Amino acid sequence: MKQDSRFPNLFILDHPLIQHKLTHMRDKDTSTRTFRELLREITLLMGYEITRNLPITTKRVETPLVEIDAPVIAGKKLAIVPVLRAGVGMSDGLLELIPSARVGHIGVYRADDHRPVEYLVRLPDLEDRIFILCDPMVATGYSAAHAIDVLKRRGVPGERLMFLALVAAPEGVQVFQDAHPDVKLYVASLDSHLDDHAYIVPGLGDAGDRLFGTKN
């Protein structure tokens, strides 16, 4: 895991397996089926990395030999909140890693001026819960920042929120950081820039279209 000095709340997950799978996802000739499988696999690997600092407590258990105080994750079960629609493809990998997690959804689409338009919010109970929000792309950063706003407006503090994405543009990371300097943003790659259509370069195309086999 490494950081970029420009963005103190950005963490780049540079594990070789994550980078290997991301390269195959970038390839324009990767099939929908393979893209979907890779998204699940890479999200599972990234989920392992971002949960390494979860709070721990102990639980009394009896092994076949003795009783011990053994470590377990403290507090309520985690919640996974994909940003629709492409974020849904990331929830499978996270649920494979954390099968007891609660799942919410935030529906946001990008208007012609690239600003987010919210159309759906479904969340589990919020008290004392850690939330992992996920969307494959942080392009302009407005949708990601808006999704965090949804939780904060309902009283969830920044220290109980994290955002997980595959690739991000510096422009989007700056927007996210300006809006939520107290929320950690985890990505597999910080790419070069946004083009004139607000697509990430080099990026991996439209993640939703590639995941579901649709045409923009």
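Glycine is no exception: its Cβ is also placed from the backbone N, Cα and C atoms.
DSSP assigns A139 (5-phospho-alpha-D-ribose 1-diphosphate binding site) to coil in the three-state reduction, outside any helix or strand. Per Swiss-Prot, 5-phospho-alpha-D-ribose 1-diphosphate binding site is recorded for R85, R110, D135, P136, M137, V138, A139, T140, G141, Y142, S143, D206.
Under DSSP, I200 (uracil binding site) is assigned to a strand (E or B) in the three-state scheme. The Cβ of I200 (uracil binding site) lies under 8 Å from the Cβ of M137, A139, V167, A168, A169, G172, D191, H193, L194, each on the same chain and at least six residues away in sequence. The uracil binding site annotation in Swiss-Prot covers I200, G205, D206, A207.
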(message) Taking only same-chain residues 6+ apart in sequence, whose CB is under 8 Å from that of R85 (5-phospho-alpha-D-ribose 1-diphosphate binding site), what do you get?
(response) G107, G208, F212
(request) Taking the Cβ of D135 (5-phospho-alpha-D-ribose 1-diphosphate binding site) as the reference point, list residues of the same chain whose Cβ is under 8 angstroms away and which are at least six residues distant in sequence. (result) P82, V83, A86, G87, M90, S143, A144, A147, F163, A165
(message) Just to be sure I understand the packing, how many Cβ atoms besides its own are within 10 Å of the Cβ of G141 (5-phospho-alpha-D-ribose 1-diphosphate binding site)?
(response) 26
(request) List the same-chain residues at least 6 positions away in sequence whose Cβ sits under 8 Å from the Cβ of A207 (uracil binding site), in sequence order, or say none. (result) L39, A86, G89, P136, M137, L166
